[in-house]
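A.B. asks: Before we start, here is the structure in question, set down as structure tokens.
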Amino acid sequence: MAAAPSARAHSYGQTEINWDKLDKTKFYVVGAGLFTGVTVALYPVSVVKTRMQVASKDVAEKNAFSVIRAILKADGVPGLYRGFGTVITGAIPARIIFLTALETTKVAALKMVEPFKLSEPTEAAIANGLAGMIASLFSQAVFVPIDVVSQKLMVQGYSGHAKYSGGLDVARKVIKSEGIWGLYRGFGLSVMTYSPSSAVWWASYGSSQRLIWSLLDQGIDHGEVAPSQSKIMSVQATGGIIAGATASCITTPLDTIKTRLQVMGHEKQKTARQVVKGLIMDEGWKGLYRGLGPRFFSMSAWGTSMILTYEYLKRLCTIEEL
């Protein structure tokens, strides 16, 4: 006989820490440090992905490894961290906005779907997906200008792109030539890329976790002790990999178009339709999947690292019950 909904909720409840149980100040301060560390480790993958997506047909390297070799040969290891300072500066406030919106929306969404008596994985997919989408929408106001500036730094001097002295120089030149809205170039596509990507990622993560726990028969025996930390982390990591793989396959074409729009100079400005037409004309439909390998790896590796860090952070910041 299948476990009753309350039993299944209890089993997952042993591994879940809700927003109201967290020390918010500690959560934000410690989280800034932890996520900065994760960004340092995975930032080079973003640089490689971006270079692959914007390269002109005649200079495009065949794969990610040839891109890495070219960067190291030209700029050394610092070349893999172009635009990093800009990203870190903007990432902290953006993540605060994202995580706050994510957790508060997730709680509200779970309450909203409870009356429908859906299966636990379905409830998790809806609540997590809705929370991920809304959190992404709120954070794009900060993320998009950071994206525009950092991506221009990532590709400067490459495949005909302009050179800059730093993030402030990029921002100054963009505003001078295009006005403040130049920093929001590709905003619509960013929302169309990151919001569905975030929704798919969090929906996949939430539902896959619950499916994995059900396969492991957690909570079926009412007398069973809480799962070990190693088992919890293994399930969370597996959920992160599944979520990253799913989201990257679905949203890479939009990401490629968005990246190309954001790094173009003012004199070369094109519409999204023109970018798509050019890519298909040069390389066929596979052109829309440029950088899929690095993006697949980035979203899976970032997703797994992020979720393990995030869940660890929540355990670290749990308010002790008296």
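Cβ coordinates come from backbone N, Cα and C, glycine included.
Per TrEMBL, repeat 'Solcar' is recorded for 24-108, 123-211, 231-316. According to TrEMBL, the transmembrane segment annotation covers 27-48.
Can you walk me through where each of these features ends up in the structure?
C.D. replies: Across the repeat 'Solcar' (123-211), the prediction's mean pLDDT works out to 88.
Taken residue by residue, the repeat 'Solcar' (231-316) breaks down under DSSP into 79 helix, 0 strand, 7 coil.
Listed by sequence, the residues of this chain that lie at least six past the ends of the transmembrane segment (27-48) yet keep a Cβ under 8 A from its Cβ atoms are 64, 67-68, 71, 79-84, 87-88, 91-92, 95-96, 99, 154, 291, 294, 297-298, 301-302, 305-306, 309-310, 312-314, 316-317.
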A.B. asks: With DSSP helix as H/G/I and strand as E/B, how many residues of the repeat 'Solcar' (24-108) fall in helix, strand and coil?
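C.D. replies: For the repeat 'Solcar' (24-108), the helix, strand and coil counts are 73 helix, 0 strand, 12 coil.
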